[in-house]
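So that you can see what the record holds, here are the features copied from TrEMBL:
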DOMAIN    50-475  domain 'Major facilitator superfamily (MFS) profile'
TRANSMEM  83-103  transmembrane segment
TRANSMEM  115-133  transmembrane segment
TRANSMEM  139-162  transmembrane segment
TRANSMEM  174-195  transmembrane segment
TRANSMEM  201-222  transmembrane segment
TRANSMEM  282-301  transmembrane segment
TRANSMEM  339-357  transmembrane segment
TRANSMEM  369-395  transmembrane segment
TRANSMEM  449-470  transmembrane segment
COMPBIAS  479-489  compositional bias 'Polar residues'
REGION    479-514  region 'Disordered'
COMPBIAS  490-502  compositional bias 'Basic and acidic residues'
Amino acid sequence: LTVHEEQPGKDEPSDEGVCNILVQVDFGDKTFTMEEAVEAIGFGRFQWKLSMLTGVAWMADAMEMMLLSIATPQLRCEWRLSSWKVAFITAIVFFGMMVSSSLWGNISDKYGRKVCLILCMLWTLHYGLLSAFAPVYSWILVLRCLVGFGLGGAPQSVTLYTEFLPMKSRGISIILLGVFWALGAVFEVLLAMVVMPTLGWKWLLAFSTLPLVVFAASCCWLPESARFDVLRGREDKALDTLKYIAAANGSSVPTGRLIANTQTERGRIRDLFIPEYRKTTLLVWVIWFCNAFSYYGLVLLTTELFQAGSACSATDNSNMEPQCSLECNYLTFHDYVDLLWTTLAEFPGILGTLWMIDRIGRKKSMAICFLLFSVYFATVLPKLFLILTVFIFIARACITGGWQVAYVYTPEVFPTATRAIGIGTGSGMARVGALITPFIAQVLLKSSVYLTLSVYLICCLLGTVASLVLPMETTGRSLQESTQSTMEQKNMERPHGSETPHHKGSSSMWMIGC
């Protein structure tokens with residue numbers, strides 16, 4: 001580093017307090033960024049192992065959610081609950097998730113993705129087991145609320161997973177992570193078919209924590225995100241993680257020095273509303289709300305309609321809408337079989353999304369899934385109870401695909417400094433939708449089938465519009481690191497317009513006015 005201070009000549013005017021410093025920097029070594037390192041290492045054995053571990057967390061989330069639609073009909077009969085009380089059991093779980101989602105996102109952005117994910121999964125395991133011993137209605141409300149509080153951090157598994165994925169693999173890999181959600185939902189139904197008729201709902205709650213036990217036994221392997229370590233100024237630790245991943249994948253880290261872009265203020269909600277991200281944040285929240293409202297509404301409608309059976313039937317006048325009398329009826333083996341068939345719709349939804357996401361982009365993929373869900377709701381209303389299983393299968397495939405794309409888009413559109421809080425607040429908005437939907441799917445359904453389904457139709461049309469007007473398409477776009485316009489770089493700072501990476505022997509000169 002050579003510094004020359006230029007002084008004015010005798011005949012040149014002098015401005016007091018003003019000087020020009022000529023700085024010449026010799027870039028004797030190559031440099032590389034985190035994005036370049038992740039791309040060079042590629043997708044390999046490490047990512048497959050990480051897929052398994054984060055997938056187990058996804059399975060646990062799916063099973064706890066599917067549990068709500070299976071256990072509540074049993075509780076309605078056993079404790080003789082009204083429709084409002086049944087809906088409140090579901091709503092209280094989503095209330096816990098809504099309260100905690102942003103908190104877990106803040107913890108993830110400030111203290112690390114690994115710390116956040118382990119804490120929330122262990123919390124969920126503890127209170128999930130305790131809820132199996134709930135003696136009365138009030139206790140089940142308290143304990144399931146605490147389970148929901150822990151589940152609010154489950155989406156941070158996607159944050160961690162995303163930050164280890166190269167660009168070409170990112171969309172497909174996150175969508176395939178949704179396979180674990182589908183497996184969790186299917187496993188919960190199969191588990192209920194065996195456990196509910198013999199052991200009852202308490203044993204079902206206990207057995208539903210099995211994926212959490214597997215996660216707890218394996219979480220010591222879980223690495224911290226190298227992108228997060230770079231952002232908090234621990235580039236040495238990040239480099240060690242990159243070398244470990246490269247060794248596991250049989251590749252190598254780029255030669256040279258890692259450029260560390262640090263940001264001390266992380267995980268702040270107000271950073272989501274800077275001018276560059278304000279519109280995106282609001283639209284992402286709408287999309288997450290519509291996805292959760294529609295998805296969980298459909299899951300709850302499935303068991304409510306199967307449970308009601310012939311109680312949901314048309315009157316003698318074919319022009320009048322069907323009426324549902326939702327009394328106490330235990331789910332039968334045939335109901336579980338129908339529930340299993342509709343749950344299997346998760347898989348074609350994922351496959352359809354895999355085909356679309358990189359071909360037409362994230363925005364259009366979400367819009368198409370919302371639109372297909374809306375169109376199907378509108379066209380099958382008159383024939384709903386004649387083809388109930390087929391209807392739910394196709395509708396669930398559509399909304400599953402849309403939600404999976406939202407999980408791809410959200411971590412891509414926000415930088416590392418606010419990625420977790422972006423997913424956390426989006427998940428929080430989703431839980432608002434999930435909090436409301438039981439009172440539509442389990443209470444309003446009793447009064448009006450058409451009005452109930454029309455609410456979901458309008459919601460998904462809103463989601464279609466929100467997806468189309470998103471200001472940014474993230475397909476083929478690198479992950480951003482910092483929200484700051486001028487990022488601190490611990491190793492060196494590149495002049496504006498310079499090329500990266502700098503090769504050995506290159507140098508750069510620029511003027512600094514002071």
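Glycine is no exception: its Cβ is also placed from the backbone N, Cα and C atoms.
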Task: When counting Cβ pairs under 8 Å to the transmembrane segment (282-301), the leader among 83-103, 139-162, 174-195, 449-470 - done: 449-470
Task: Chain residues in Cβ proximity to the transmembrane segment (339-357) (below 8 Å; excluding those fewer than six residues from its ends, i.e. six or more beyond) - done: 66, 69-70, 171-172, 175-176, 178-179, 181-182, 185-186, 189-190, 193, 302-303, 306, 331, 364-365, 368-369, 389, 392-402, 404-405, 408, 475
TODO: Take the domain 'Major facilitator superfamily (MFS) profile' (50-475) and average the pLDDT across it for me.
DONE: 82
